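Going by Swiss-Prot, these are the annotated features:
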| type | residues | note |
| --- | --- | --- |
| ACT_SITE | GLU383 | active site, proton donor |
| BINDING | ASP313, GLN314, GLY340, GLY341, TRP342, THR343, TYR384, MET450, THR451, TYR452, ASP453, TRP590 | chitin binding site |
| COMPBIAS | 213-224 | compositional bias 'Polar residues' |
| DOMAIN | 31-134 | domain 'CBM2' |
| DOMAIN | 144-229 | domain 'Fibronectin type-III' |
| DOMAIN | 241-610 | domain 'GH18' |
| REGION | 125-153 | region 'Disordered' |
| REGION | 208-239 | region 'Disordered' |
| SIGNAL | 1-30 | signal peptide |
Amino acid sequence: MRFRHKAAALAATLALPLAGLVGLASPAQAATSATATFQKTSDWGTGFGGKWTVKNTGTTSLSSWTVEWDFPSGTKVTSAWDATVTNSADHWTAKNVGWNGTLAPGASVSFGFNGSGPGSPSGCKINGGSCDGSSVPGDEAPSAPGTPTASNITDTSVKLSWSAATDDKGVKNYDVLRDGATVATVTGTTYTDNGLTKGTDYSYSVKARDTGDQTGPASGSVKVTTTGGDGGEPNPNPGAEVKMGYFTNWGVYGRNYHVKNLVTSGSAEKITHINLRFGNVQGGKCTIGDAYADYDKAYTADQSVDGVADTWDQPLRANFNQLRNLKAEYPHIKILYSFGGWTWSGGFPDAVKNPAAFAKSCHDLVEDPRWADVFDGIDLDWEYPNACGLSCDETSAPNAFSSMMKAMRAEFGQDYLITAAVTADGSDGGKIDAADYGEASKYIDWYNVMTYDFFGAWAKNGPTAPHSPLNAYDGIPQQGFTTADAMAKFKSKGVPADKLLIGIGFYGRGWTGVTQSAPGGTATGPAAGTYEAGIEDYKVLKNSCPATGTVAGTAYAHCGTNWWSYDTPATIKSKMDWAEQQGLGGAFFWEFSGDTTNGELVSAIDSGLK
């Protein structure tokens, strides 16, 4: 399970040239004719993904290759691809399959595997020689140092000590590895690692290097947990700290909005959480929503967060991999996988007939070994339990929602973020009254209260009304359809204020055929929009139809015969002030691509909650 305060297991590609591999090759393919390097591609706590890359560094072709290495006790390969992998106890051997054994000079090939346990490979050999191609005849590699001991552990540092390695010619220095990556090279047998994150798990091991520059096997590993953190209880105290944005997987198509845009806009440094939307709910299970956008689409170097192009054979690509890269650069960001939504909520009623089985299916998908390190939580967006959305839920009892959330908490445990997007219908007998949100709040970290889309051009003749009113105003078409009413209703049902997030739409809703500037006018239908009639991104509206007035804490605009309502940086600031006064848990928004290229709405949320 991927926990909230686990360190990002892979901040970058971990190139670990390790000493050694057994070979079935001829003398022409000995020590210096090939190299093998290991990369840990993912880590989900109880296991990891790994990749070996074999390269022909000689001047003649290789006809076959064999890689060997040792794992410490308790670490093993559970599945592999593009190589035949066998073992004798803790010694592992990988041989080429038929199609990838021949390597021309300078060519390389990779194979991958999933593993369990905390250890790293050591004693690597490629075709009988050192994996780094630097075997020295008559000079033995150093032994493994002693397993490090940890002391003086603080929120941000730890002191490591180990017993010396031995070598026939002498030990020159030691590489200190944190989570498999070298973080320091020292000549002594102690090292203090600084700049760590509080309340976070790390794993350390050490390798010795001799005077011939040969690297020996890694020591055993020691687990270290820095002090601090939240103690593992759901929603310990988010206060006004949660600043969450929805990233839509379909945005990579027509909208041409990618994870890298969060970096170039400056938004990544100003948010705390991302909800990736959407996974589907089908046949009583959580399922992938768009496999191509989620984990298959290849990114070029200029499109990628880390500036590295995807390869055809890497285990994970597309949005999942880009989000992994984003977390490596911005480790404060937590990512949740969101399931359901307006279009895909129809599967929830069947799923909650067996909440435990549904929760297990969601856990198995979110914690799939290929991307378990990407996600820190799950978000359930059921529109709506025991009520109508795109379709009507006519089979679930009022307690179905809390039963689902209870099962999710039991399956995922206390250290995993569990949230839900919920209705903001605060009217008497409305959607909030239809489900047991108060009881369910015992099991969730927070609710994303969808305080937008109260009014829109689905009522094609009007009256025109702001789609995200903070409070009521004279002439509002429906009582209880405001942010204030929704929050008051949830609180009355026992939901703690700090488990409620206010929602901001990064878009406007509008009508055409409108002659009246103030709200309440008649219309002839929805105004034209870039992707859908009646809706338009803020980044477009701020220039095409600038705000001409405010009502109920939000803005509206009358331009020509069109009438739009949307939030601006100024109205967002007032809503953030209100959220803090109410003791809410923060804010979220739908969704990133509606903002300007410099992220001015995200900036307004960020500054408003400080």
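Cβ atoms are placed via backbone N, Cα and C, with glycine included.
The maximum pairwise C-alpha distance among ASP313, GLN314, GLY340, GLY341, TRP342, THR343, TYR384, MET450, THR451, TYR452, ASP453, TRP590, the residues recorded as binding chitin, is 43 Å. Broken down with DSSP, the compositional bias 'Polar residues' (213-224) shows 0 helix, 4 strand, 8 coil. THR451 (chitin binding site) sits 14 Å from GLU383 (active site, proton donor), taking the C-alpha atoms as the reference points. The Cβ neighbour count for TRP342 (chitin binding site), using a 10 Å radius over every protein chain in view, is 14. Between the recorded positions GLU383, ASP453, GLU383 has the most other Cβ atoms inside 10 Å of its own Cβ, all protein chains included.
The binding-site residues considered are ASP313, GLY340, TYR384, THR451; of these, ASP313 has the fewest other C-beta atoms within 10 angstroms of its C-beta. Model confidence over the domain 'GH18' (241-610) is summarised by a mean pLDDT of 95. Cα separation, ASP453 (chitin binding site) to the residue listed as 'active site, proton donor', rounded: 13 Å. Reduced to three states, the DSSP call for GLY340 (chitin binding site) is strand.
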